[in-house]
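The next block holds one structure in the form of structure tokens; read it before the comments.
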Amino acid sequence: MAARPRIFLLFSLLALLPFPSSLAAAGGCRKNTTLAGFEAELAMVQHQLRGVVRVLDACSFSVSEFDMLAGSTQVRWWGAAGDGFRNLTLGSPISDQTLSRTFRNESFTVRLADNATWDHIAVLAVWDPVTASDFGHVVLGAPGLDQSEAPIPSPDLSPVPSPSSSSVERRSKRRIHPQPTMFDNCLTLSPRYRLRWTFYPESDSIDIGLEAAIGSQYYMAFGWAAPGSPSPSMIHADVAVAGFRDDATPFVEDYFITGYSECVQNKDDKFKGVCPDTMYEGGDPVGLVNNTKLVYGHRKDGVSFVRYARPLVSGDDKYDVPVSKTGSMTVIWAWGLMRSPDTLLPHYLPQKHGDSRLTNFGYFDFNVSRRVNDCLGPLDAADKEDQDLIIADGKKPLVVSSGPAFHYPNPPSPSKVLYINKKEAPLLRVERGVPVTFSVQAGHDVALYVTSDFLGGNATSRNMTEVIYAGGPEAEGVPASPTELVWSVDRNTPDLVYYHSLYEQKMGWKVQVVDGGISDMYNNSVFLDDQQVTLFWTLSDGSISIAARGEKKSGYLAIAFGGGMIDSYAYVGWVDDEGKSRVNTYWIDGKDAMNVHTTSENLTYVRCKSENGIITFEFTRPLSPSCSGRVECKNIIDPTTPLKVVWAMGSRWSEDHLNERNMHSVTSGRPVRVLLLRGSAEAEQDLLPVLAVHGFMMFVAWGILFPGGTLAARYLKHVKGDGWYQLHVYLQYSGIVIVLLGVLFAAAELRGFYISSVHVKFGVTAMILACVQPINAYIRPKRPENGEVASSKRIIWEYVHVIIGRSAIIVGIAALFSGMKHLGDRYDSENVEGLALALMLWVLSGGLLVMYLEYKQFKRRDENSVRGSWVLGNSEEDDSVDLLRPDRMVMKPESHPSGRMELQLEPLNR
């Protein structure tokens with residue numbers, strides 16, 4: 001018992017003794033490491049992560065200039081054997097420190113966990129195990145690599161510096177794995193826009209980074225004003241314009257400003273405005289005027305970032321401003337919407353920036369050699385979702401395929417990810433109560449399913465609490481044999497679920513589940529050409545409600561009724577600079593801005609919105625405008641006639657003073673014929689040859705055969721024999737056959753037969769009358785014997801037969817003229833008027849021929865044959881030949897007082 005106080009006193013004294021710092025750390029801190037002094041910049045992957053990592057010793061490392069947007073509570077420092085998807089997911093935490101908050105240019109020291117050593121860490125990452133997300137990482141080397149052979153700076157165990165001038169000086173030292181997102185300097189231009197740069201005096205060049213929390217359809221501009229200007233001006237300024245193309249790839253180009261307008265071409269073929277240097281010179285095949293070189297660019301977390309390099313003094317003294325190494329010069333900056341290239345101007349062109357100075361544009365004195373870093377913390381965009389948005393429609397299947405991962409929203413990812421409607425891992429939005437149909441054709445190794453699990457790929461039951469809402473092992477297919485999967489989204493489906501492959505993690509993305517939206521409010525919907533615009537509509541009594549939704553980001557969306565944008569009635573929806581929704585109507589009669597005429601259509605229930613760059617607008621209008629005298633009064637929608645619809649999109653639209661800015665940047669390749677009553681659509685085809693054949697067949701029938709048969713029955717009975725009768729029957733039967741073939745041919749090519757237009761009504765009426773004639777002939781009453789009075793039935797039949805036949809010809813000719821008009825309305829063909837004139841001359845010639853034959857008939861006619869002449873020609877009609885079976889002869893004995901029967905013999909070769 002007496003020894004215990006002495007032992008306790010001994011330990012107390014030992015505790016007061018100073019211990020070396022190398023022994024204060026646990027485990028591996030007793031030995032040194034060859035990685036000590038290793039310094040590298042963190043590669044930004046997401047969450048706007050930046051920073052510099054420096055290995056201090058065997059059990060700690062320092063982090064400086066550290067920026068990061070907040071993640072989940074499980075974000076940790078992570079060690080892995082490599083930076084690929086497999087290696088990172090198989091890694092493990094190397095420190096107890098959590099990184100769940102936002103970091104703003106901070107510096108600190110991190111100690112390794114007791115079980116972590118540098119020998120087993122090839123990649124040091126900031127990792128979220130909940131979402132398997134890599135925020136950023138540093139590649140140290142392969143595990144077990146002899147670090148003495150690696151080019152590592154000499155150890156420097158000085159304390160971790162704060163983000164001050166000393167840290168700025170240290171940035172200039174050579175580092176392993178330098179990152180394009182890191183610069184020596186950073187300057188805040190506006191709350192959403194930053195300028196970063198690194199000056200290289202030895203090469204007289206500068207690297208510039210433009211960074212802004214803006215949408216992908218916006219540009220970023222920075223450059224030098226013309227020296228010697230009495231006041232800051234953008235005229236003659238040398239600026240670089242950077243942004244992202246429609247395919248999400250970055251670009252930067254040298255621009256020269258000659259006017260406060262978008263780049264336009266004058267009548268003398270010279271360019272003026274904010275134009276690329278290359279446009280002034282007509283091209284730049286050797287790169288003499290475009291002196292900006294793209295280094296790197298990305299869009300992450302709703303932030304655009306582009307890094308480019310340029311010389312201080314270039315060989316282009318016409319469009320470039322020489323930059324001083326040490327002196328201050330006036331620079332300008334701006335950001336705003338940009339217009340995509342088109343066939344006339346193959347460049348991305350900046351539109352007018354906003355009017356708010358120090359928010360949308362500005363200018364200041366700038367010295368490239370000045371050291372500054374006032375960017376405290378990462379840019380935090382309000383809208384961080386950059387993925388394409390697909391809105392499911394219960395009437396159209398979503399095509400699910402697979403392809404390479406280029407812009408997967410949650411890196412890292414497998415090399416192959418899911419595509420929906422040809423878009424890489426888009427954000428999918430569905431509506432409760434609306435079934436969603438997937439056409440799965442991603443391959444036999446990809447089984448689609450909708451799950452509550454963020455990562456998916458739960459075939460091994462990794463997540464025992466996972467809820468599967470649709471799909472499974474059987475939901476796999478290929479393009480040649482796709483599998484249809486129907487998901488019934490009910491009211492119990494959570495607001496957020498995920499679509500993934502059952503066998504591989506992180507191939508899909510999010511599914512937003514919302515209450516009923518636009519597709520619930522309309523009875524019909526179709527994709528327009530190229531599946532870039534969806535058209536919705538509902539027919540009512542005397543009116544139609546229409547909605548149009550773009551499937552890609554744009555500044556405005558337009559649809560037009562017509563075969564193209566020229567000679568069409570257009571409806572344009574956009575949101576102006578003040579955030580106000582607009583829907584305007586126009587009549588377009590040419591390709592220039594002056595040919596876009598504002599109209600005043602009677603639109604009601606007008607709405608327009610832009611969501612994540614996706615434009616949707618709605619309106620209701622009467623089917624037939626109740627006005628006259630204006631061009632829009634002719635904009636009549638006939639639900640029984642296919643409506644031809646085209647679309648266009650662009651970056652910016654202005655309500656007044658229309659100019660080239662209003663020209664579209666992307667448009668449909670061809671019109672789509674929307675069948676309003678059927679609720680379907682089909683691509684516009686060139687049916688002119690089909691309709692021409694149909695018209696020719698009808699002309700042969702109604703213009704030649706039927707009139708010829710009628711003329712034979714009326715004017716050829718004086719010819720001896722029954723030739724007139726044979727000609728009459730054969731011509732009428734041939735006409736009926738050709739009419740039926742012509743109708744079937746047109747109906748087959750037009751994919752339907754609808755009694756809608758005036759032409760079709762005339763044609764159907766004529767066809768019915770023509771087909772009644774053979775039936776009428778079959779049931780004709782018996783012809784009276786010589787000397788007998790015709791029965792009343794016979795007389796009525798003769799009148800009916802003649803009236804129906806001649807009425808059929810008249811209605812058939814009316815169908816020919818209405819068909820000409822219909823062809824002209826459909827194709828605006830210049831030849832239609834000529835054909836109509838030729839048809840009128842043909843009918844006039846036929847009328848003159850009838851008048852001549854009537855005159856000749858009158859000279860042969862008896863005064864007592866008026867009735868027979870008007871009906872069937874004369875009283876000498878030979879009714880012994882069956883009208884339907886002319887080969888069947890009926891012998892009729894004649895009565896004589898003597899009881900004898902006389903036969904008239906005729907030559908056999910008649």
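Using N, Cα and C of the backbone, Cβ positions are placed for all residues, glycine too.
Lifted from TrEMBL, the feature list:
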COMPBIAS  152-162  compositional bias 'Pro residues'
DOMAIN    36-141  domain 'DM13'
DOMAIN    191-336  domain 'DOMON'
DOMAIN    531-650  domain 'DOMON'
DOMAIN    658-853  domain 'Cytochrome b561'
REGION    150-175  region 'Disordered'
SIGNAL    1-24  signal peptide
TRANSMEM  687-706  transmembrane segment
TRANSMEM  727-748  transmembrane segment
TRANSMEM  760-779  transmembrane segment
TRANSMEM  799-820  transmembrane segment
TRANSMEM  832-853  transmembrane segment
| said: Should anything in the same chain at least six residues away from the transmembrane segment (832-853) have a Cβ under 8 Å from its Cβ atoms, list it; otherwise answer none. | reply: 699, 703, 707, 711, 714-715, 813, 816-817, 820-821, 823-824
| request: For the transmembrane segment (799-820), could you work out the same-chain residues 6 or more beyond its ends whose Cβ comes under 8 Å from its Cβ atoms? | output: 695, 698-699, 701-703, 706-707, 710, 757-759, 762-763, 765-766, 769-770, 772-773, 776-777, 780, 832, 835-836, 839, 843, 870-872
| task | Please give the sequence-distant neighbours of the transmembrane segment (760-779): residues at least 6 beyond its ends with Cβ less than 8 Å from one of its Cβ atoms. | result | 698, 702, 706, 732-733, 735-736, 739-740, 743, 754, 797, 800-801, 804-805, 807-808, 811-812, 814-815, 818-819, 883-884
| message | Across the domain 'DOMON' (191-336), what are the DSSP residue counts per state (helix, strand, coil)? | response | 5 helix, 71 strand, 70 coil
| request: Count the residues of the domain 'DOMON' (531-650) that DSSP assigns to helix (H, G, I), to strand (E, B) and to coil, and report the three numbers in that order. | output: 8 helix, 66 strand, 46 coil
| note | Counted with DSSP (H/G/I as helix, E/B as strand, rest coil), the domain 'DM13' (36-141) has 8 helix, 56 strand, 42 coil
